[in-house]
């Protein structure tokens, strides 16, 4: 492997390495940034041109009717809502597809750039490679979403029990609630790491679904503390900046600002969101490679991308036998 990983003992080491990646493959990262920016443009346009005309026309035309039993009222309702619903559904799927493509390309390019391979990778070649692997991370993400929903469903009975115990004694509820909150935070951090590693695994290895999730959990062994710190940093950065922006955009003050300033603030916030998303994917990719190295595993040649081999820590030839 051209890149040594033994120096990546902390999140700051990873962050320094990640910040170097865009400089090594500027064109591809610029393309990734633009492709990630596309899904945000409809939201930005809605800020400039809010779709008030349709909703206003629908509300004024339907204000005189009181029941959907009226055929005219039903027709007005269908004419007003169906186009809006279809537009939102199409926009949602379009944004999801583009965001998914950006995620896969960011992970793949970050891995190849960090390993000092394919520095001259072209967009055309990138599309060909993503075409062969896109279904793996999609299936893994689907399994992760299902597992997340399952965990939320399991949390409902615990919440009901706490509500019932609250009626009995607060002495029992308070310490039990503290323990459950700590446990919930731990599980959230742990499963977030596992799911992120499983997505990266499914992009870079020939596995998907539960197998990729299992590999993600396996990779995290021995690296949980670094992973938790990484998660904490990636969560606190947007939270901190969002708090600052909300403080600056005080409702009374924000309303008085000119439209151009409002748009500028919104545009800056949108770009920051994209940068944080891209940075997070790059950080998780480097963390994944660091976990692989800590287990003595290495990445195969680029031509066989998607398959990993175990690297022996023993020399192939006894140095004493050499002349």
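Glycine residues also receive a Cβ, built from the backbone N, Cα and C atoms like all the rest.
Among the features that TrEMBL reports, transmembrane segment is placed at 28-49 (among others).
Annotation source TrEMBL lists transmembrane segment at 89-115 (among others). Remote same-chain residues near the transmembrane segment (89-115) are listed as 1-3, 17-18, 21, 24-25, 28-29, 32, 35-36, 38-39, 42, 121, 126, 129-130, 133-134, 137-138, 141, 199-200, 203-204, 278, 281-282, 284-286, 288-289, 299, 302 (criterion: CB distance under 8 Å, separation of at least six residues from the stretch ends).
Under the heading transmembrane segment, TrEMBL lists 142-165 (among others).
Sequence-distant contacts of the transmembrane segment (171-195) (same chain, six or more residues past either end, CB-CB distance under 8 Å): 144, 147-148, 151, 155, 158, 162, 165, 213, 216-217, 220, 224, 227-228, 230-232. Annotation source TrEMBL lists transmembrane segment at 171-195 (among others).
Per TrEMBL, the feature transmembrane segment maps to 225-244 (among others). Nonlocal intrachain contacts for the transmembrane segment (225-244), taken as residues 6+ away from its ends with a CB within less than 8 angstroms of a stretch CB, comprise 9-11, 14-15, 189, 192-193, 272-273, 276, 279-280, 283-284, 287, 290.
TrEMBL lists 264-287 (among others) with the feature transmembrane segment.
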